[in-house]
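**Q** Okay, here's the structure, questions in a sec.
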Amino acid sequence: MTTTLSLPSPAKLNLFLHIVGRRPDGYHELQTLFQFLDYGDDITYTTTPDQPGIRLAESIEGVADEDNLIVRAARALEARATSPVPGVTISLTKRLPMGGGLGGGSSNAATTLLALNHLWHLNLTIEELAHLGLALGADVPVFVRGHAAFGEGIGEQLTPANPPEDWFVVLKPDCNINTGKIFSEEGLTRNTPRIKIAPAFEGDASRSRNDCEDVVRKLYPEVNQSLEWLAQFGPARLTGTGACIFGRFPTESAARIIWESKPSGITGFVAKGVNISPLHKKLTELK
Ligand SMILES: C[C@@](CO)(OP(=O)(O)O)[C@H](O)COP(=O)(O)OP(=O)(O)OC[C@H]1O[C@@H](n2ccc(N)nc2=O)[C@H](O)[C@@H]1O
Ligand SMILES: Nc1ncnc2c1ncn2[C@@H]1O[C@H](COP(=O)(O)OP(=O)(O)O)[C@@H](O)[C@H]1O
């Protein structure tokens, strides 16, 4: 029997991102605050009991299917099955810009781990899925766990957090930024003092920043210009290593007024920050 499951694959923002050191393997140690957005991709999984294998209904331009984080997550999970699993066709509606610092690929991987764990009746725990996900990317565990969180290490040591669920204008300046390039820049700040967090950590925007921002502004004038424009209306910041930037607003209407006045040619969206992932909300409704 064919079964179909459609699930959201939301974006994340790094409300702040501090680089506090470097591990012996060269990876940077971070302190960051992750919050989800009620905006993202959608993925539909259809089991094909008569046709084994993992298939994408459509490829993503520029990403070989074997490299697609959806396929890599599905294969990693299949390797954990103790008996053969039914085939699956996976269809992706992509809305999130790739390589934008919104974690779209990591979110697609996490949604796939949770979806196929359910459809294949594997009963792996969230702990086990987060561990599997970390091998695919540093941002996958927070999407698997599904609660806004303060992240340490490379972002995998997570403490649930409850930042205000404000509205955001997210803009995508017209440039692509490679994460590895930013982390290898000589001028990058790598020694921000560690901050301590209380259990009900909410974040403190005034005492935090994104340590990648200075380097990114210098290398990408498009990001600098967009940040200057958005900062006229309130605090504006880079997410991850960019290229997306965000401005925070207390209401949807305040965010939409600014969105409507954005310079022509720039893309993006308006979304609400949420502390429970839309993916986990949907999975709870299905139970
Ligand atoms: C910066 C963050 C913040 O949420 O988000 P994005 O901007 O990618 O969304 C993440 O930590 C991104 O983690 P992840 O997605 O695993 O990074 P990758 O693209 O695989 O990293 C590319 C390269 O950047 C360097 N890198 C990455 C992460 C890190 N903490 N230290 C590093 O030095 C490594 O050289 C790595 O090979
Ligand atoms: N399903 C996927 N969705 C998006 N990107 C993917 C996917 N699979 C592999 N990738 C690769 O991962 C890279 C990072 O994508 P993404 O997670 O969207 O950005 P970021 O890490 O900056 O938030 C992309 O440039 C692309 O090459």
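Each residue, glycine too, has its Cβ placed from N, Cα and C.
Pulled these features from TrEMBL for this protein:
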{"type": "ACT_SITE", "residues": "LYS12", "note": "active site"}
{"type": "DOMAIN", "residues": "68-146", "note": "domain 'GHMP kinase N-terminal'"}
{"type": "BINDING", "residues": "PRO97, MET98, GLY99, GLY100, GLY101, LEU102, GLY103, GLY104, GLY105, SER106, SER107", "note": "ATP binding site"}
{"type": "ACT_SITE", "residues": "ASP139", "note": "active site"}
{"type": "DOMAIN", "residues": "209-259", "note": "domain 'GHMP kinase C-terminal'"}
**Q** What is the separation, in Å, between the Cα atoms of GLY103 (ATP binding site) and LYS12 (active site)?
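**A** Pair distance, Cα basis, whole Å: 6 Å.
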**Q** Tell me whether GLY101 (ATP binding site) sits in a helix, a strand or coil according to DSSP.
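**A** The three-state answer is coil.
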**Q** For the domain 'GHMP kinase C-terminal' (209-259), DSSP counts of helix, strand and coil?
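**A** So the counts come to 28 helix, 9 strand, 14 coil.
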**Q** Please go through the recorded positions LYS12, PRO97, GLY103, SER107 one by one and keep those whose C-beta falls under 6 A from any atom of ligand 2; give the result in sequence order.
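**A** The qualifying recorded positions are GLY103.
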**Q** Report the binding-site residues (PRO97, GLY99, SER107) that meet this criterion: Cβ distance to the nearest atom of ligand 1 under 6 Å. Use sequence order and write none if nothing qualifies.
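**A** Checking each Cβ against ligand 1, none of them comes under 6 Å.
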**Q** Looking at the recorded positions LYS12, PRO97, GLY99, SER107, which ones sit with their CA no more than 10 Å from the CA of ASP139 (active site)?
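**A** Within 10 Å of ASP139 (active site): LYS12, SER107.
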